[in-house]
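Among the features that TrEMBL reports, domain 'Homeobox' is placed at 27-71. Summarising the annotation, TrEMBL assigns DNA-binding region to 29-72. The annotation domain 'TLC' is assigned in TrEMBL to 74-275. The transmembrane segment feature in TrEMBL is assigned to 83-103, 123-142, 207-226, 246-267. Annotation source TrEMBL lists region 'Disordered' at 283-327. Per TrEMBL, compositional bias 'Polar residues' is recorded for 301-315.
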Amino acid sequence: RFIAKPCAINLGIQDSGPHRAQPNAILEKVFTSITKSPDGKRLEGLSKQLDWDVRKIQRWFRHRRNQDKPTTLTKFCESMWRFTFYLSIFFYGIRFLWTAPWFWDTRQCWYNYPFQPLTSRLYYYYILELAFYWSLMFSQFTDIKRKDFLIMFVHHLATIGLITFSYMNNMVRVGALVLCLHDASDFLLEAAKLANYAKYQRLCDAFFMLFGVVFIVTRLGIYPFWILNTTLFESWELIGPYPSWWLFNGLLVTLQVLHIFWSYLIIRTASKALVRGKVSKDDRSDVESSSEEEDVTSNSTKGIFSTSSNGSNRLNGHVAGGQWTGE
């Protein structure tokens, strides 16, 4: 309210929503009570009843769906909040992990386990991350439903489960490494969204490309060869197959499967950018899942984050094809 909104206004972002549909009691009743995307048979019936052509009725339903979406100003403020959080929590984590011995030698995550002290900085790091991911999971149900709703829901559940489980079992050392690694790319995605909403397309594409590189390096490189290596092999070697070993590593492997899925979407989007000269379309979201082909096509010439729909993580904002919230 006091920071993001003035910034958006100074960048020329107006607090104006999409074109509103023409008031019509019959179509409004169909929209609210029956369907938001009528099929061909229903469109023909409405066309005869109202003496409108089918194309006009399709346009009315499209405008009616779009008018419920948040404005670009609202999305800019939300992304700026997420950018601030992701950037702050990443540098907070890096600051204290840089001096932690287990950051440089992951085997120390398991020395003297489970009798390892929990420092106040590590405690607050965990609590902040857990609170944030709970907020992402709840807000996912109030956002525009995205094509990867289920994937993001599984991601949030796995993340919350890992944070809670590792805290309860005092696996906070390796847990902090996982959290910091995931935060490394999320703020770049939000920066790309901010640039898009402000209509700085080249800056948006540059941030997205940088995000893609960091995401793939951290999630497909560092994560499996650094994190999974210590949780699967070093922990087995040093403390043996403890009772919760299978559940803990099962959740970590689930995250890796999601990383592979999102990396595929990022690479596909980046490939389109190289062919067309810019990132052309969000493969994950920013297009309502119930839209007709016409709606998707009409946005195909815009930047990766279409300014006509919700910009939220829920991954997160958590991550991830064209527009990723983030894990």
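Using N, Cα and C of the backbone, Cβ positions are placed for all residues, glycine too.
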Averaged pLDDT, computed only over the residues in the DNA-binding region (29-72): 82
Number of helical, extended and coil residues in the domain 'Homeobox' (27-71), per DSSP: 31 helix, 0 strand, 14 coil
